[in-house]
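The structure under discussion appears below in the form of structure tokens.
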Amino acid sequence: MAARKRASASSDASAKPPRNEEAVKAEPKPAEAAPIDPPIAPPKLGFILKLSALFLAPYLYLILRHFDIDRELRRSILINAGLSLAGFFATVKLIPVASRYVLRRNLFGYDINKKGTPQGTVKVPESLGIAVGIVYLVLAIVFQYFNFTADSNWLVEYNAALASICFMILLGFTDDVLDVPWRVKLILPSFAALPLLMAYAGHTTIIIPKPLIPYVGMEILDLGWIYKLYMGLLAVFCTNSINIHAGLNGLEVGQTVVIAAAILLHNIIQIGASKDPEYMQAHAFSIYLVQPMLATSLALLSYNWYPSSVFVGDTYTYFAGMTMAVVGILGHYSETLLIFFLPQILNFLLSLPQLAGFVKCPRHRLPRFDPQSGLLTGTNDGTLVNFFLRAFGQKTEKSLCILLLLFQAMACGFCFLLRWLLAGWYK
Ligand code: UD1
Ligand code: MG
């Protein structure tokens, strides 16, 4: 279980949850445990609402005022947004309940960046991504009623996308409970992507960038099965890259929230600027899957933001990565998506020596925490978190997380700038 996972993770005996039956039996009985496992801290809703308003204002302005979007399409987007809002409140309610249940099954972790302080001894409920995943799936399934006709081609791909996301949630939760070895963990998303790859009936062609056409000798290239391989690899990359850019309170969900907001802005700008119904439908499809993810993720962030009262688990990181890969594939904007993922690409490149086994890879590649000063210092482990600490000096966990999220937002802004600069010239 996750408890086992963390036991192997830490060299500090005090940070080791029970590993075997005896140890579990030695745990206080639920009645005695009550004072040790108090209810989780209330959600930081004020902060989340302010953060949401920052995004919602321009987003709604683009949908309702700026672009002349087809009425039916706008209706579907707004119904989906309404469902997502309901999903936000449902997730906020569900997380404390689910927290009690996961704690009861010893699914908890210790906050490593607080080791040596009283907060570092608190059992933090783990894998709360499961609450997000369940609410998300219910919303996404129910939404079909409001949008698609029974014979729609989109319905097949939409359900294949949901099957992949659902399979990923299952495998992520399995990993949280069983503590799958790292190298097996890496390939789990390729299995989860199968429903989508098998059902995918869209085109397998790519448009050659204009500057390269004279060299390639064609405008459109059919990649055939290689395109499906690319789709599978994208799913493996998106899921794992979110999962390894982690370990600070709020970072896993925070990066997802920033990327999801950028995806939605991109989708609505593309819909607004296009007259091609199929192109608009592809981006609308992405909106239908990303809006509920953003809403449920914000609910999770209200508990996971510093100081975290719950951890998200690999259930969440895999779910978020797979959802974004799926919409990038089916919306045909995977290049844009990869630029949104710039910090994750950098983190992956920094991680390569350890992932490939050239350099020793400890269970946790986190910074060093000084309980006296409350500051984090970068270690030699190859992560963007450590790189930022080495480049910008010691930081508190919260300020480092904010800095990394600003960097994420800058990468998204850079992507929009690049698209604007290259428009018409590149494709
Ligand atoms: C990945 C990283 C690992 C990193 C971990 C943190 C690689 C190869 N693996 O492993 O280096 O340490 O994520 O999530 O890069 N935790 C905190 N504070 C947080 C979030 C998590 O202390 O804000 C700790 C808790 O003990 C929690 C555990 O990390 O229980 C979860 O780790 P897990 O998601 O299982 O690690 P991996 O995804 O395998
Ligand atoms: Mg993880």
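Glycine too: its Cβ is placed from the backbone N, Cα and C atoms.
Just so you know, TrEMBL annotations never went through curation; they're auto-generated.
Values in this document were obtained by computation on a predicted structure and should not be read as measured data.
Feature annotation from TrEMBL assigns region 'Disordered' to 1-37. Sequence annotations record features per position, and here TrEMBL assigns compositional bias 'Basic and acidic residues' to 18-30. Under the heading transmembrane segment, TrEMBL lists 45-64, 76-98, 128-148, 155-174, 186-208, 229-248, 254-273, 285-306, 318-342, 400-422.
Take the transmembrane segment (318-342) and the stretches 76-98, 128-148, 285-306: counting Cβ pairs under 8 Å, 285-306 has the most. Stretch with the largest number of CB pairs closer than 8 A to the transmembrane segment (254-273), among 45-64, 76-98, 128-148, 229-248, 285-306: 285-306. When each of the listed stretches 76-98, 128-148, 186-208, 285-306, 400-422 is scored by C-beta pairs under 8 angstroms to the transmembrane segment (155-174), 186-208 comes out highest.
Between the transmembrane segment (45-64) and the stretches 128-148, 186-208, 285-306, 400-422, Cβ pairs under 8 Å are most numerous for 285-306. The stretch from 128-148, 186-208, 285-306 with the most CB pairs below 8 A to the transmembrane segment (76-98) is 285-306.
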